[in-house]
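Undergrad: Below you'll find the structure I mean.
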Amino acid sequence: MNRAAIYPGSFDPLTNGHLAIIQRGLNLFDRLVVAVANNPQKSPMFTVDERKALIREAVGNDPRVEVDSFDGLMVDYARTRGIPKVLRGLRAVSDFEYEFQLANMNKKLLPEFESVFVMTGEDYFFVSARLVREVAVFGGNVEGLVPPNVLEALQRKLGRPPRT
């Protein structure tokens, strides 16, 4: 059986929480498409291509993980790819409220669409890409919250020498 799901997000930047969701997703599905959303209404720190490259490097050569990007509605991307399942990570009850609304809207737009929710690891309940960006911009240490390659990319992007 070839069970696949899409794990969409902005991943700006990829965090260890995202990696935990990818790992949990691989326990549920044969294949994951990590799909980087290109949202023109946001001003990302990293370009779509940079985010895709950082994700590829962080997941290594796992043949079960494909990294892609999309514009527009995720359900349209899911329809185009023929993958009507989405994997979403939850950290808190507040995440569920938003994700529940989104899942129902997606189901309305694409009736065969299914959302699968998994909890992130307890070490990452508080971690969000937005928070990581904010802490990094103000000079805080985000080591342990992001993969090593992302930490290096953040340091380069912000013009800071790597910590030793």
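Quick reminder: no glycine exception, Cβ is built from N, Cα and C everywhere.
Bear in mind that the values here come from a model prediction, so they are computed numbers and not experimental data.
So Swiss-Prot lists these for the protein:
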- SER10, PHE11, HIS18, GLY89, LEU90, ARG91, GLU99, TYR124, PHE125, PHE126, VAL127, SER128, ALA129, ARG130: ATP binding site (BINDING)
- SER10, LYS42, MET74, ARG88: substrate binding site (BINDING)
- HIS18: site 'Transition state stabilizer' (SITE)
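Tell me about the surroundings of these features in the structure.
TA: Less than 8 angstroms from the CB of HIS18 (ATP binding site) sit GLY9, PHE11, GLY89, ALA129, each of them six or more residues away in the same chain. A helical conformation is recorded for HIS18 (ATP binding site) in the three-state DSSP classification.
In the three-state DSSP reading, MET74 (substrate binding site) counts as helix. For MET74 (substrate binding site), the same-chain residues 6+ apart in sequence whose C-beta sits under 8 angstroms from its C-beta are ILE6, PRO8, ALA35, ALA37, VAL86, ASN106.
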Undergrad: Can you tell me how far the Cα of ARG88 (substrate binding site) sits from the Cα of GLU99 (ATP binding site), in Å?
TA: 8
Undergrad: How far is it from SER10 (ATP binding site) to LYS42 (substrate binding site), counting Cα to Cα, in Å?
TA: 10
